[in-house]
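Participant: There's a structure below that I have some questions on.
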Amino acid sequence: MVLQRVFRAVIMGPPGSGKGTVSARITKSFGLEHISSGDILRANIKAKTELGLLMKSCIDQGQLVPDDVMSRLILRDLRTIDQSSWLLDGFPRTVPQAEALDDVYTVDTVINLNVPFQTIKQRLTSRWTHLPSGRVYNIDFNPPKVPGLDDETGEPLLQRDDDKPETVTRRLKAYETQTEPVLEYYRSKGVLETFTGTETNKIWPHIEAFLHRKLSSNSQKVA
Ligand code: G5P
Ligand code: MG
């Protein structure tokens, strides 16, 4: 049996670039554990935890939550799946977060979705989310089987409070100023892989082929 080394990946891209959509395909095809910072925050808001209540206004205004809060939250969750291969979605989003992650784990690869802002604005206004699972739908791209209901649970779908057009503009601004420097950080470490396009279905085969190559070389390293 070939022992597979733990594989650690990050998916990056502007709000609405398809990180959640592509993450679902990656976890299905490659069995990585998916950790989404946004899903964790929204679960806290829904459960009205102290953290959720504190962070809600920040998120609704399209601002990033403080680095120390976010890093503590994600690193705590990663500790529980230490022996698994994982995919981080939405974290790190600032250079201090990337450094906090780096202090504990070495990231093998960073998948960067490079999707034009104009495409994103159209997508987010027609997004519907199943909040408990983070599953996303889009009226044009991947509509639910029954309008307004999640395919797997039949539970109602909601629109995210931060998907209002003016908030999307603020999230894109935060991405430009705070998150783009993280791309440079990973480029300089030689682990950044960028995929450009306006349609997830066209980008996906390239990501899938890339991960097949990456994961097979990862297994060979320990074979
Ligand atoms: P999130 O939750 O991390 P964002 O803003 O990074 O939020 P978001 O909005 O979740 O990213 P996504 O996951 O990149 O977008 O995209 P998606 O949901 O898969 O796709 C978007 C829509 O497009 C969906 O409806 C999908 O069906 C559709 N779609 C996909 N592909 C196509 C296509 O090819 N064609 C069409 N037509 N449609 C398509 O973070 C939220 C907030 O939490 C805080 C911040 O406040 C942040 O704003 N936060 C953090 N703060 C600090 N540090 C961190 N690390 C933080 N993480 C989260
Ligand atoms: Mg997402």
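Glycine residues also receive a Cβ, built from the backbone N, Cα and C atoms like all the rest.
Pasting the feature list from TrEMBL:
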type	residues	note
BINDING	Gly16, Ser17, Gly18, Lys19, Gly20, Thr21, Arg127, Val136, Tyr137, Thr200	GTP binding site
REGION	36-65	region 'NMPbind'
BINDING	Ser37, Arg42, Gln63, Leu64, Val65, Gly90, Phe91, Pro92, Arg93, Gln97, Arg160, Arg171	AMP binding site
REGION	126-163	region 'LID'
DOMAIN	127-162	domain 'Adenylate kinase active site lid'
Participant: So what sits near Arg93 (AMP binding site) in its own chain, CB-to-CB under 8 Å and at least six residues off in sequence?
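Facilitator: Same-chain residues close to Arg93 (AMP binding site) (Cβ under 8 Å, separated by 6 or more) are Ser37, Leu64, Met70, Gln178, Thr179, Val182.
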Participant: Around Gly20 (GTP binding site), which residues of its chain at least 6 apart sit with Cβ under 8 Å of its Cβ?
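Facilitator: Correct list: Ser36, Gly38, Asp39, Asp89, Gly134, Val136.
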Participant: Using C-alpha atoms, which one of the binding-site residues Gly16, Gly18, Arg127, Tyr137 comes nearest to Gln63 (AMP binding site)?
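Facilitator: Nearest by Cα distance to Gln63 (AMP binding site): Gly16.
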Participant: Count the other Cβ atoms sitting within 10 Å of the Cβ of Phe91 (AMP binding site), across every protein chain shown.
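Facilitator: Counting Cβ neighbours of Phe91 (AMP binding site) within 10 Å gives 26.
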Participant: Within the chain of Arg160 (AMP binding site), which residues six or more apart in sequence place their C-beta under 8 angstroms from its C-beta?
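Facilitator: Listed in sequence order: Arg42, Arg127, Thr129.
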Participant: Largest pairwise Cα distance, Å, within the listed AMP binders Ser37, Arg42, Gln63, Leu64, Val65, Gly90, Phe91, Pro92, Arg93, Gln97, Arg160, Arg171?
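Facilitator: Taking every pair among Ser37, Arg42, Gln63, Leu64, Val65, Gly90, Phe91, Pro92, Arg93, Gln97, Arg160, Arg171, the longest Cα gap is 24 Å.
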Participant: Tally every other Cβ atom lying within 10 Å of the Cβ atom of Gln63 (AMP binding site).
Facilitator: 17
Participant: What is the interatomic distance between the Cα atoms of Tyr137 (GTP binding site) and Phe91 (AMP binding site), given in whole Å?
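Facilitator: It is 22 Å, counting Cα to Cα.
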